[in-house]
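I have placed the structure first, in the form of structure tokens, so that the comments after it can refer back to it.
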Amino acid sequence: MVALWPATLPRIQYVFPDAMPVKWTEKMEQRRADIKQSFLHAWHGYKKYAMGQDELRPVSNTYINKFGGWGATLIDSLTTLHIMGLDAEFNEALSHLPRDFHTKEERLSVFETTIRHLAGLISAYELSGHRHKALLRKAEALGQALLPAFDNAAGYPSHFWDQSRSLPFDDKTLFAEVGTVQLEGEEFFMLSHHTGDTRYATKAQTITEALDRMGYEHGLNIPGLYPTHMSTAAGGRFLDSTCTLGAMGDSAYEYFLKQYILTEGMIPQYAKMYIESIDNVKRHMLYQLPNTPLLFLPPLDTETMQPGEEMDHLACFAPGMLAIGAQLLDRPDDLVVAEGLLETCVYMYRSSSTGLGPETWRVPYNVEPYNRITYAKDRSKSREWWNDSNATVPVGTSRNMYRRPVTPYQLEGPLPDIRGKPRYLGLDPVDRSYMLRPETLESIFILYRITGDPKYREYGWEIYQSIEKWCKTPSGYAAIRDVELDAYANGTTATNNWIDKMESFLLAETFKYLYLLFSPPDVISLDEYVFNTEAHPFARRSIDWVRLIFPGQSKEE
Ligand code: DMJ
């Protein structure tokens, strides 16, 4: 691991007790070991049937290329291999890195290539102590291959890029993709930092400046609530009015905050943009199911002010983001909201017959706009939503904010099962597939590290067991068609619920967050690292970010 340094921003993680009871520690270590074996199962299947290709197809034992054919899973797995201490596998993976980054694909996703490949390479370079220069050389080659995709009037990354003709697929892109390359701007910042070539950081900052200047004339109806579709033509205006923290919007908000962390608070602009967005998200987009702790974050049409009817799994990254922002920017209510949103995401897992969460679900018709005071009252009178009156699980813990002592070893045995119970009225899955997505586990990991509440480990463990039960194939892990398997008549089995698909984020994110959830809290501490949206950690460090991002200017100028 790279050398650590004292952060100047407020502490993020909970102060965990130095020693835990041996029995409890052993149990957590066993879980961590099991998760590592699961990751290895997927890695070995990929290695056997798909090494160097983008994705294993875990049912047919074939492969598919859809990210340039450069070995998306291989590159996306590097950081997890390293964190899990799988040195032989890590070194073997290095010998299979692509020779170059040329592709004949007409629709190369600039966003996916940046978050998976570019971030994967730079983060692996850092984690392995800067020893493997090939990782940095590859990252630079990839960075150079991607730069022309920003050559449009707006300076935004194209959505799809035709590399061989050096042409965009069309003149449209997505807010999540525009906003996210800022951190890949982190990658781009990091690339500039490691190579000394400031072009990457400048590209990223140009986008931040453009977003920061956006107003009504660009199609922005409410400050900080950016719609999803954007034009890459001059002016770079929005093409629709729907704002979401789910698909097509998600990681841009995440990156406002993470850029602030990466640059160690030296550039207040990022925090300002984050706060503006989150304040308006809470004001206009957040709902509570009355008398429950469940919160919802559906999309909003910022023109008609009509909320969407569904919430998607992708939005379940938001609790983790809000919790980190709460700690760093002294926003205690954001932690309350984070916990409430995560309860909803977890509820969708725990209430399904497979224990896995659907891709999308309906927001109940009787939700009410979030109100801090009503919500606090409802929370104080309701016990944990899954805790029956006769349940015996003591989950009394603390929130880091208030620094009460935590007693994780009191949590013995499984959480009460709620599967037999009817769901809250109207809270039903819509798209019932589970795509092996990480967002809920990501937030569970972050909330655990921030609150120290042991229930989060139990939530994570249940999800892991469900993945093992329903998704494991002889060569890897498959996405599944229906999290409500019982809905199938005629004895449908786990096997014919499988989809022949194993996205690289299973190895990059899902298993990594699970593994870290059961690791000691100083393993990739949130006070030392910031994750990109694909769970590749970058070491926080004290460098002259201002000079890097605004070349030619110094702090004094
Ligand atoms: C990942 O590639 C990243 O987490 C991205 O930000 C959103 N979608 C997938 C996982 O669901």
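Each Cβ is built from the backbone N, Cα and C atoms, and glycine gets one as well.
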In TrEMBL, CYS316 is listed as disulfide-bonded to which of the following: CYS243, CYS345? CYS345
Which of these recorded positions (GLU112, CYS316, CYS345, GLU359, THR533) have a C-beta closer than 6 Å to some atom of ligand 1? THR533
Using Cα coordinates, what distance in whole Å links GLU112 (active site, proton donor) and THR533 (Ca(2+) binding site)? 10
Nearest to THR533 (Ca(2+) binding site) by C-alpha distance, among the recorded positions CYS316, CYS345, GLU359, GLU439, is GLU439
List the Cα distance (Å, whole number) between GLU359 (active site, proton donor) and CYS316 (disulfide bond). 10
In the structure shown, with every protein chain counted, which of the active-site residues GLU112, ASP250, GLU359 has the densest set of Cβ atoms within 10 angstroms of its Cβ? ASP250
What Cα-Cα separation, expressed in whole Å, is found between GLU439 (active site) and CYS316 (disulfide bond)? 5
Excluding its own, the Cβ atoms lying within 10 Å of the Cβ of CYS345 (disulfide bond) add up to 27
Return the residues near CYS316 (disulfide bond) by Cβ distance under 8 Å, restricted to its own chain and a separation of at least 6 in sequence. LEU341, LEU342, CYS345, GLY357, GLU439, THR440, GLU442, SER443
